[in-house]
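Input: a single structure, listed below in structure tokens.
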């Protein structure tokens, strides 16, 4: 089948007026290869040139005024090739002096009694405007040439093309293309949406703010609807090929294992276990996300599920992003299982004869549970009969890596875990095809971490507070954003310098250093020393963000904390507060921006990771929350997953109804179905 386009053009880009081979090269750099691409190349923002009442204008603000010329323009030259043009306008009975620097050619264009529109900076005291643009209009109404002066689209461009050129070329294209509707009449009427023809023309050349809002609303819904059609269709395909054997676990053995645990499960943990167990009994493969705040006990839930698989005669696999985390999981699971399960660890460090023996035991079924890094997805890693694959911090792996691990078993159930609570907005889009379990309770006995914010000049006081904790026999983390000093970030502390400073303060043997440039063995050695309390203070970059578990650590200092996002700060903070002892987190920062100040304030107000994740998403946007590449998020042109969340829910419901009812596969939707299938369905956002 040929590629289906919903925007069809009778000619190519080269046939547009003003586009030659050189312009084609520039357009291609902007990812514009066809006339359809050009029409869908939307503005990034709009210059608001709406004429305002000068009585309402703020001093030193950028304004647009319209008035009648009542003095002839005068040009004064000074310096080398510099000029100043002065002209006076009458604007609603207010005499305004207009100044234009280095635009002497305007003298020939500005005439007495002419009505012109000027955009520039307003000086209320002097009653003058320093103009940067002028629009000519002798009739007192906007000419066709300046019809879009009120709301002027601004595009992302590169050297070799100007704003006016791309606006003109898009206008040309819109005049001649055939635009097929993406939404049905029924949907448009139901939600009071515009036609795609009106929407695209308005987004490129808005006649009013009201029209622009209507067009933006329609295009945002269209983007979300097409995305959800893709998600729902993939979900249907996934489930149609997702036959699975029912995991016939021994419930009595599982209950006995839970009773032997040295602690009582929280209600949230029990609920999550029950949800997962229902999935394991179902005739289709499980796709579930288990999300919980730092220290909420996700690993225990995973352990119970692994044990259930063992009682049914199946193996389990747990893939984590780092060797340190893999080793910690292996250690904690071995302690939980004792002799009841054979747990093995496979990382890049396991080599030679040891690796060969491990792989043999895995293939013959001797190993019940395999824990490791991406080493688990290598071709020679063959399971006997894996029934459950668990991926921890799954957004840190690419889709391909997760798929390769899943394919280790023909009918494998999949559980994703994350300690980064995912805002419901992202959960519905990134993980739309999954069921979600959430653990929002902390284990009994845990005390909330006390978080404070200190400026750099208060560092000595923070050091005294940390010393007080160390004297109690506790341990501490000190986090820095950089490994070494940077000439570009001279005001940012680096981990090596702070490590050396703290060595002088506490003594060489009491302070350890951890960062990404160390080898795996070096990292393991440092972490082992910290875990064994051979060192008191661990100075580190964010490599300790995920999974590191040292219950005796009760103090964390995060230097230049404003350099991190809320989710990262919360993950770092979660390295303390892992026992019944009171823990502290001190943010050292002197933020220069409102956003930085807001982040520090929020961190001191709440320890709820779910609330923080929502705030982080609002502040940073979905693309930065995980990074578009990792998250699988499409790069929407108009829609915003935060602002348009309600619209996303509606789009999802409408798409689900179309797909699940089968109506989408009838002739009525043939054109749209072919478009989604050819352009979106198998497109990867990795």
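Backbone N, Cα and C atoms are what each Cβ position is placed from, and that goes for glycine too.
Annotated region 'Wedge domain' per Swiss-Prot: 50-149, in sequence order, evidence recorded as similarity to another entry. Per Swiss-Prot, the feature domain 'Helicase ATP-binding' maps to 279-439. The ATP binding site annotation in Swiss-Prot covers 292, 293, 294, 295, 296, 297, 298, 299. Marked as motif 'DEAH box' by Swiss-Prot: 392-395. Per Swiss-Prot, domain 'Helicase C-terminal' is recorded for 462-618, and the stated evidence type is sequence analysis.
All features noted in Swiss-Prot, drawn onto the structure.
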residue: 292; record: ATP binding site; Cβ neighbours (10 Å): 27
residue: 293; record: ATP binding site; Cβ neighbours (10 Å): 26
residue: 294; record: ATP binding site; Cβ neighbours (10 Å): 24
residue: 295; record: ATP binding site; Cβ neighbours (10 Å): 20
residue: 296; record: ATP binding site; Cβ neighbours (10 Å): 26
residue: 297; record: ATP binding site; Cβ neighbours (10 Å): 21
residue: 298; record: ATP binding site; Cβ neighbours (10 Å): 23
residue: 299; record: ATP binding site; Cβ neighbours (10 Å): 21
Shell list (ATP; ref centroid = CB of 292, 293, 294, 295, 296, 297, 298, 299; cutoff 8 A): 419, 439, 442
Integer mean pLDDT for the motif 'DEAH box' (392-395): 64
Tally of residues which DSSP labels helix, strand or coil - the region 'Wedge domain' (50-149): 11 helix, 49 strand, 40 coil
Assigned conformation of residue 299 (ATP binding site) - DSSP reduced to three states: helix
